Amino acid sequence: MVFRKLPGVSASGMGLRLSQKFVFLLFLSGLVTLCFGALFFLPDSVRLKRIFLSKTESQPVTVGSENDVREHLKKGKVAGGEALEDMTLSRSKTDSASKDEKVTSSSNQGANTDTSFDYNKFKKCLLKPPLGIEHGKPSDPQTLQRREKVKEMMKFAWDNYKSFAWGRNELRPLTRNGHIGNMFGGLRGASIVDSLDTLYIMGLMDEYNDAKEWVETSLDLNSNGEASLFEVNIRYVGGLLSAYYLTGEEMFKRKVMVLGEKLLPAFNTPTGIPRGVINLGSGTSWSWGWASAGSSILAEFGTLHLEFVHLSELSNNDIYTEKVMNIRKLLNKIEKPHGLYPNFLSPVSGNWVQHHVSIGGLGDSFYEYLIKSYLMSDKTDEEAKKMYYSALEAIEANLVQKSPGGLTYMAEWRGGILDHKMGHLACFSGGMVVIGADDGAPEKRQHYLDLAAEITHTCHESYTTKLGPEAFRFDGGAEATATRLSDRYYILRPEVIESYMYMWRLTHDPKYREWGWEAVEALEQHCRVEAGFSGIRDVYAQTVSHDNMQQSFFLSETLKYLYLLFSDDDLLPLEDWVFNTEAHPLPVVRKSCLQGEGGTHDKTTSE
């Protein structure tokens, strides 16, 4: 630095003054440093550290506060449009699954947020006891005998799973070993979690207690694998939620809250539409490799609403509901071709990627969750109601067809061209239409009842050998028949039986119980093997070829729907319960009752 000579000041005098100032400043800075350093070693210094440290170095987040969760989610980094990373809870890896629950239980200690859920008040807000007067025991001896047969099938399937595949996700009954698969991101015990409520409502209490003990001691939520957001939500989140609501076991609630929070990072996209695959450890998410142009799938991001609303209910944290409501907002904003919802949507741009519409695979449960969201809200969710009936009107106008033989079916739509195919997955729609028949326009009630009956009849007709193929066609002279070898398999799917159950509950036409019994006999004849139940490769073949897989949804859905079909209507009454797409019963949310005093009935009956 060059100093200019100042008037009246000698060079030597100026240098002396500068030296004195420098020494003084050096002394002062040392004193300040010493004082602040000492403060950090005082007993209460942690409060000072919070002032000086960056917000990104804040304490680990729990579920206790919506603001805490949001702050935690800001910690990730965005790179090249990819999902935010490293957004899971800052908790240590443990061998005991019960330690996971400390993260959520600590939320109850927050000063400003009350996350307690009053289970006793919830029970009082139900209109009827969940398990009925006598656990839904039918008075008719034949129906009771059939119900007992279904219960025996469940015990047989469960016992073999426990013997040969305990802790794995599914049983391979021919080779008598377990299957893990790659859908659940390292989570184990899918058949156990999926079976909890089925075992409980069937009164298989020893088996239920074994399942509960495994969940408590061995369900490790600290996995670090690639999971399907959709499958983890409907099976694990749905299964744990229903187990909690049916039993009041706090352990199930703690588990599901930890798992639910692990799914939140999947929503960190430019649009808020979640990607289909998430690493449960790191929070990184991405789209399925086979999905067109990195799309998210309608049936996947549209099948979160029921479970996420209940995650908000249990945690007193609106973030879960906000995530799924944001999906609604985007879908309402964008243009829909002919009122239809295509199956592929970009989570980056928020635009449809292909104009392929299906009520079967890729689309199915989105529509199911619209009407069920309305019913689960105690019929207060008017937006869901409007979206459902508008979608159903577009489906009827564009997809519902009548075959030359008089069968009503739902075709698929590919950019304006109809593909006259209906999948087994689409056979849930008979049940969907009938549960919404009462809440549409009054003049259309009978029309909806008729439409539901016609679709269910068509699906029954596809069960040529009392079990039906994966997909069946209505062209080239075919009538509800699989014309391709690749469509002839049956993997213990529940959708046709699901529609039988709903049609029975809402019409009491005895043919639905007869059709259900046909399915029971066919399952026993074709799918029962020495060590469980197996899917079959060709429903038309004279010689049965098994696929060696007892799917977890066979225990959760197929056998549960059969059991309910042969039970009285007061077992999980539809006034109180809505089934998620994996058949896990979730209660109707009666906000006015839950927030008020008392309940809607006096539950003096033993459950």
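Note that Cβ sites are derived from N, Cα and C of the backbone, with glycine treated the same way.
TrEMBL labels come from automatic prediction, so no person has curated them.
Copied over from TrEMBL:
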{"type": "TRANSMEM", "residues": "22-42", "note": "transmembrane segment"}
{"type": "REGION", "residues": "84-115", "note": "region 'Disordered'"}
{"type": "COMPBIAS", "residues": "92-103", "note": "compositional bias 'Basic and acidic residues'"}
{"type": "COMPBIAS", "residues": "104-115", "note": "compositional bias 'Polar residues'"}
{"type": "ACT_SITE", "residues": "Glu231", "note": "active site, proton donor"}
{"type": "ACT_SITE", "residues": "Asp364", "note": "active site"}
{"type": "DISULFID", "residues": "Cys427-Cys459", "note": "disulfide bond"}
{"type": "ACT_SITE", "residues": "Glu470", "note": "active site, proton donor"}
{"type": "ACT_SITE", "residues": "Glu495", "note": "active site"}
{"type": "BINDING", "residues": "Thr581", "note": "Ca(2+) binding site"}
Other CB atoms, at most 10 A from the CB of Glu470 (active site, proton donor): 20
Fewest-neighbour residue among active-site residues, criterion Cβ within 10 Å, set Glu231, Asp364: Glu231
Asp364 (active site) and Cys459 (disulfide bond), distance between Cα atoms, whole Å: 15
Shortest C-alpha distance to Cys427 (disulfide bond) - which of the recorded positions Glu231, Glu470, Glu495, Thr581: Glu495
When distances run from the Cα of Glu231 (active site, proton donor) to each of the recorded positions Asp364, Glu470, Glu495, Thr581, the nearest one: Thr581
Rounded inter-Cα distance in Å - Glu470 (active site, proton donor), Glu495 (active site): 11
Among Cys427, Cys459, which are disulfide-bonded residues, the residue with the most C-beta atoms within 10 angstroms of its C-beta: Cys427
Glu495 (active site) and Asp364 (active site), distance between Cα atoms, whole Å: 11
Cα-Cα distance linking Glu495 (active site) and Thr581 (Ca(2+) binding site), given in Å to the nearest integer: 10
Other C-beta atoms that fall within 10 angstroms of the C-beta of Thr581 (Ca(2+) binding site): 25
